[in-house]
Every structure is written in C-alpha cells, then in structure tokens.
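Visitor: There's a structure below that I have some questions on.
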Amino acid sequence: MSVSVIVMGAGGRMGTTITGMVRADGECRLAGVVEREGRREGLEHLGCQVAGTLEELLPGMPDAVVIDFTAPEASVHNARACARHGSGLVIGTTGFTEEQKAELADCALQTPVFWAPNMSVGVNVLLKILPQLVTLLGEQYDLEMVELHHNKKKDSPSGTALRLAECLAEARKWDLDTVANYHREGIIGERPHEEIGIQTIRGGDVVGVHTVYALGPGERIEVTHQAHSRETFAAGAIRAAKWLAQNRPGKLYTMSDML
C-alpha cells in the first residue's frame, strides 16, 4: 500500500531532502508540500499540491502522513491541525519546551503522532547501549559530551545531545536538570562527581556529530556518532511515516516504539 505524504517546509534544506527521497520511494506518494510565500520557487515541478498552510491540504487528504522538521511553535500548531483531521504526523523538530511536549502528547491521543529528536537509526541504537556502558563502567568514570553542528542550527544544545544526556543521567539515577553543566569559565573549582558536561560547537556545514566521553582512571572511552548527510534523517522520517500509517492514536510514539 502506498503511503501519501505531505512535507512541511519543503523549500528548506531538510524539506528538500525529504521530498526528493519520498518521490524516489516506491512505497510512498508525495501528495503535497507546504512552504511559506517567497520560498515556493521550484516546488511546482514536484507534481503535487503546493500550499502555504497545512490546513489548506488536510481536508482533501485525510489519510496522508505529514512529515515536519520545522520549528517548535510551528510543529505544535501542525499537530493541532492533524489532530482535528485525524492525520498522522512525524516530527523531527527539536527545541520543544516541556509544555510543548505535553501538548504533542495530548494531540497523540487523538491522532497518530511520532516524535524523535534524531531520526537516525544509529543514534537510537546508541541510546539503547549507552545505559549498559555506563552501568558496567561504574561510578569512577566521569561523563561528558560534545556536539557539533552547522552554523545555521538555531537550538543549542541539540535535541539529540539532550536526549543522550538524559540517557546518561537515567543510567546513573541522576536528575539531568541538576547535574547538567553547559558552561565552564573562570576559577570554578574541582569537577563535581555528579555532573554531565554538555559542550556545543557551531560552524560550517556539519550535519551533526555527537561524542560521549567516559573518563576514568588511566583510560578514556569515546563513543561518536557522525551523520554524513541529511539523507540519514530523511530516511528515518520516511520509515517512520510508513510505520505510523499502520498505527493508531494513544501515545506519543518514538523511535523506540518503531525499532
């Protein structure tokens, strides 16, 4: 069965990648794209409906699955629209507040909603194995993280870095809000044991690099994930759209559910 897909922000870097891969996927059909005025040039060649808002498309495409890598406020707005029309929604947006996440969860009770701060299969496998690594190493090892992204990225730290940090904190039974350190400067004293340093680098056109450090007596372990192209995230989002089309509302689905 072919899955109809609507792509939000189709004129952007991520949107362009997703639309191209949806069109090349034999199990999907590009039903429509959404982009604001002034960024729609070239979208008419896609052979689908082009609109300025999601609400223009959903009434005529109730079975379509929407893929959204836009911005937190826009994604929440789109989740509300999908909930009204019963359309599935795959979200790759990062930077949500706790209140916005709660609203997405509410929408997921009315229509299928899938959210992952990173659509890469590799990152999500990393989230599975990190707790075991941290537990086996024991309390003697300090935990640190560095994330690197392109100079256009708006949120810091990345959503992936925060999820990785949550994973580390959960393995140690710590509260991330209490132990996270995003900035070190000046005479700050010795490093507390219950701390996870999260450092950010921005520059160039780097798609995404995340490195977790476990630093112990006489040795250091580094676990790095590098995304070489946006196609990694687009492929994960398309896979999620196909999976979501077969599922019902009831919870905010994540990569753990799909994998």
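Placement of Cβ uses the backbone N, Cα and C atoms for every residue, glycine included.
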Visitor: Do you know which of GLU27, GLU35, GLU73, GLU139 Swiss-Prot groups with GLY9, ALA10, GLY11, GLY12, ARG13, MET14, GLY92, THR93, THR94, ALA116, PRO117, ASN118, MET119 in the NAD(+) site?
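Guide: Answer per Swiss-Prot: GLU35.
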Visitor: Starting from THR93 (NAD(+) binding site), work out which of the recorded positions listed here (ARG36, HIS149, LYS153, GLY159) have their Cα within 10 Å, and give them in sequence order.
Guide: GLY159
Visitor: Between the Cα atoms of ARG13 (NAD(+) binding site) and HIS150 ((S)-2,3,4,5-tetrahydrodipicolinate binding site), find the distance and write it as a whole number of Å.
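Guide: A Cα-Cα distance of 12 Å.
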Visitor: Calculate the distance in Å between the alpha carbons (Cα) of GLY9 (NAD(+) binding site) and ARG36 (NADP(+) binding site), and round it to a whole number.
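Guide: That comes out at 8 Å between the alpha carbons.
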